[in-house]
Each structure stands twice: as structure tokens, then as C-alpha cells.
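If you check TrEMBL, you get these features:
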{"type": "ACT_SITE", "residues": "C2", "note": "active site, nucleophile"}
{"type": "BINDING", "residues": "T303, D365, D366", "note": "Mg(2+) binding site"}
{"type": "DOMAIN", "residues": "2-234", "note": "domain 'Glutamine amidotransferase type-2'"}
Amino acid sequence: MCGIVGIVGKTPVAQSLYDGLTVIQHRGQDAAGIMTIDQNMFNLRKANGLVRDVFHTRHMKRLSGNMGIGHVRYPTAGTSSSAEAQPFYVNSPFGIAFAHNGNLTNAHDLQEEVFRIARRHINTTSDSELLLNILAHELQQVAGLSVTAEHIFEVVTKVHKKIRGAYAVVAAIIGQGIVAFRDPHGIRPLALGKRMTELGEEWMVASESVALDAVGFQFIRDVSPGEAVYITENGELHTRQCAENPITSPCIFEFVYFARPDSFIDGISVYASRVNMGRRLGEKIAREWSDLDIDVVIPIPETSMDVALQIANTLELPYRQGFVKNRYIGRTFIMPGQTMRKKSVRRKLNAISSEFKGKNVLLVDDSIVRGTTSGQIIEMARESGAKKVYFASAAPEIRFPNVYGIDMPSANELIAYGREIDQIADLIQADGLIFQDITDLVEAVREENDSIQRFETSVFDGNYITGDVDQDYLERIDISRGEKSREAPILQAELSNLDMHNIDSND
Ligand SMILES: O=P(O)(O)OC[C@H]1O[C@H](OP(=O)(O)OP(=O)(O)O)[C@H](O)[C@@H]1O
Ligand SMILES: NC(=O)CC[C@H](N)C(=O)O
Ligand SMILES: [Mg+2]
């Protein structure tokens, strides 16, 4: 679920890009990068790691210039190699730096086309490098010695026709400006903001509005699904709808888990949607478990806290913090590899025994995906002396792989795949287990903006809105990206031999 930022400023932008990336760090913990443009030169720093570890003072000094883009990566295609960290770069036409959040579903077909039609070489297995080369090829076809807004809109229109899947993109074209666009379904989010300075207007795009807040940009609006935004290096804004049939269908998992609660996506407060999820799930618990003897509601930090508090309010039960989160450990779900995810749960969360001893507890999480967290947390609650442990999930059962930028390529890894609720409860050792209904989840989010008719809900119902995902496709990604394929260390080592950058991004 990577995060992207881009700024066209009047003064150096590196610090704002850095600060913007730190507040969307929750979208990707594997790699980070910033590319700026100064006097007709790109400056790049990217590497594996968190934002605070990748950029040191010496890198920040090198990232001069008033225009630039940044990325935090959560790999959902290709490998975790630093060669696939973003931004990516191509030298023609003009020189383009590029960052992408999402996942293409027709990357396989495009790969061949890029070589056959454009004679372009892709040096990684990243779908984002592919997308950059398609964009570059189309720009090459239309632009002369400079780029106009018309060129950009023509190019994005063509790109929409060629590629399928989820993409929110920002690209900086040297000597010209920054272009940003969102796929015609608007699966991944993208917000536009403005900052007034004495020297004039500065513009920023970012995956989440919270990144704009953090660096003093005022949220203007979401980039519409299918729309392209072009900001010239002088700060003129041009926008146009470039998709023939845009249908707003944002990914519902952004609201369940990915986005920060203080962000607004497509006019919806992520926080308010989570409170609604809590209310609706609380009502379901009251309806279906009226005879249950719950003493206390306890959240599983961090994302479920807003939901759990509302469940407690709805059920008129006490809400207590039974687990303490180690603030130096990030999100476990977006870590690569099941071994690392499993180990991290206990390092990340520790129980306060007194909150469990002799009590019947209702544990609340935003979602149960592989069951890594819930299984271990229930064990911890019992070790701490809980009498009974009930479990509630603010999202419905996740039974289908994700192909749009969440790393769940294989149904077999999902604990709810092929299982009924009581079988899942047995596996995680819960005394009772309840999931939100899909209609309630959708309505909880829609309550905040009922003009949105549809959400991307494939992980719950197997309905892939881009219309190009069939069983064959799912089997292919299962083989290429499933847990087994990632356990092949040779592949990783071989690929890191190809860590080549034509701009210095190292120390
Ligand atoms: O069933 P699983 O495969 O364990 O996945 C679901 C869990 O992973 C996420 O937490 P995470 O630790 O990533 O982040 P958080 O601190 O934001 O809750 C999510 O909030 C659930 O707790
Ligand atoms: N989660 C994402 O947005 C990832 C972007 C891209 N598919 C990558 O793997 O680098
Ligand atoms: Mg969690």
C-alpha cells in the first residue's frame, strides 16, 4: 500500500517531502526514497528501511531543489530489493522521476508490449518501473522540446487505456513540472493541497490528506478517479478528467486498516468511518450475543482502538487498555514474510495482566487476515488469567486475495479461506468470534459520503472491479508471490545483484 508525495514549491522542498513521508510511513515500511530536481539535475536518495533511517543529514543536503517527489514502499509486486525502491527514473524523454501506489493487473502483458512496441528495457520485476516506461513512451510520442498540459492529458488518457489495476501516481518531469493521476476507479487515494507563500502558491499531492496537514499545506480536494493534475514548475495548476468512464470505487480496506484515522479520503473521515464500524458491530453483538457475559472491551493496538471504544459505548461496557504497544515496532501486517510477522506480534504487544485476570474479555481488532495477531493475542489474554476470551472483527471474513496493492496474493494464507466462523474460532482459540457484515461495513463508510455508490471490496466478496481478474490470474499470482515463492533466498540474492541505479542513490 505504498505512500506517495510530490511538491512544486518556491523554495527547497526536501524537508517537506521528508516530513510528509514520515506521516504516511504506515503505508510502507520496506523502503523510502526522495528525488528532487535542481538546475536541470535529478538528486536521488532511496534505500531499504524506514524514512528516519534512510535519510541522514548528508542526503538531505544533497536533495536540493524546489520540486520533487517521494515514496514509502510496501512491496506488492516484484521483490523487496533496494533496486525496486522508488522513485524510479528514466532519462528519456526529458528525464522523469516516478512514484506509484497500487498494483497493475495486466503487468504480464505489458512487459512484452513495452519491449515490442517501445523497445524499452525494464531492469526489475517491479510493475511500477513498467508503468513509468509506458508513461515515458507515450510522452515521447506526443511531446516536442517542451511539455504542455495538453500533452500530459493526452498521455494520461492513453495510459488509462493501456493499463489495468490500481494506481495513484506522481511523476516529476525535468524542466517541466509534476504530473499526478489516479486510476479510473480511484482504488488508491490521492489528495491535492496548496500552500501560500510570499513567493507565490506551492502545490502538493499526497496519498493521504494527513501528509498535507503535516507540512502546512491546505487540503484542496481529492484527485478524482481518472483525473490528471499537472503543475508546471512555475506553479500553474492544470487538471482534466482523462478516463472515459470513471467510477469512484475506493478500496474499503483503506478505511478498515491502511489509512491514518486523521486522514480524509474521497470526502470521508477515516476516523468517523471507524466509529461507525464500531457502532454497527456493537449493535450486531448486542443482537446476536445478548446472553453473553462480557466484562470488558479491550482493543488490539493500534488500528482497532477507535472501533473498540465505540463498541464499548454501544454495549455500555467498560473500555480498557489491556495491551501496551511498543512504539518502536511498526505494523506487523505489512512486514514481509510470515516468520517475521509472527515474531513481531509479541515484541510489539504486551498484556497488562490485571486487566484480564478473572474477566470475560471482548478483544476487538479491525480485521483478521492471516490470523497471526488474533491467535497470539488470545493466547496472551489467557496467559494473563482471562476467564473467557471473545473476539470481534470490524471487517468481515477475508476470503479472497488482493490484487490492487495489498500483499495478500494467496487465498491459502487467509485464515477465513474455506472455513466457517466456528472453524476460525477454533483455530485462534476464541470462546466466541463475530465479524462485521459486509453491508454494515460498506454503510459505515458510506454514512460519511453517500454519493459514493461503490467500494472496492474484493477481499470480502471476490468481486474484482477492474473486470480482468479471473481464476487463472489468481493462480498465477499465488505461484509467483505466495509465501512459498518468497522463501526462496536465492531469488532475492540474485536480484539484489541487479541493484543498479543510474543516479547515485547511495551513501
Ligand atoms: O490477521 P493478521 O494477519 O495478523 O492481520 C491483521 C492484523 O494486522 C494489522 O495490525 P498491524 O500490527 O499491522 O498494525 P496496527 O498497529 O496499525 O494495528 C491489523 O490491524 C490486525 O491487527
Ligand atoms: N503497495 C504498493 O503500492 C506497491 C507499489 C508497487 N506495486 C511495488 O510493489 O513497489
Ligand atoms: Mg493491528
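The backbone N, Cα and C atoms fix where each Cβ goes, glycine too.
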Local backbone state of T303 (Mg(2+) binding site), from DSSP in three classes: coil
Cβ-centroid neighbours of Mg(2+) site T303, D365, D366, 8 Å, sequence order: V256, Y257, P299, I300, E302, S304, V307, V364, S367, S393, A394, A395
Neighbourhood of ligand 1 - recorded positions from C2, D365, D366 with Cβ under 6 Å: D365, D366
Where D366 (Mg(2+) binding site) falls in three-state DSSP terms: coil
Per-residue Cβ crowding (10 Å cut-off), top of binding-site residues D365, D366: D366
Neighbouring C-beta atoms (10 Å sphere around the C-beta of the residue listed as 'active site, nucleophile'): 27
Of C2, T303, D365, D366, recorded positions neighbouring ligand 2, Cβ under 6 A: C2
Rounded Cα-Cα span from the residue listed as 'active site, nucleophile' to D365 (Mg(2+) binding site), Å: 22
Reported mean pLDDT - the domain 'Glutamine amidotransferase type-2' (2-234): 96
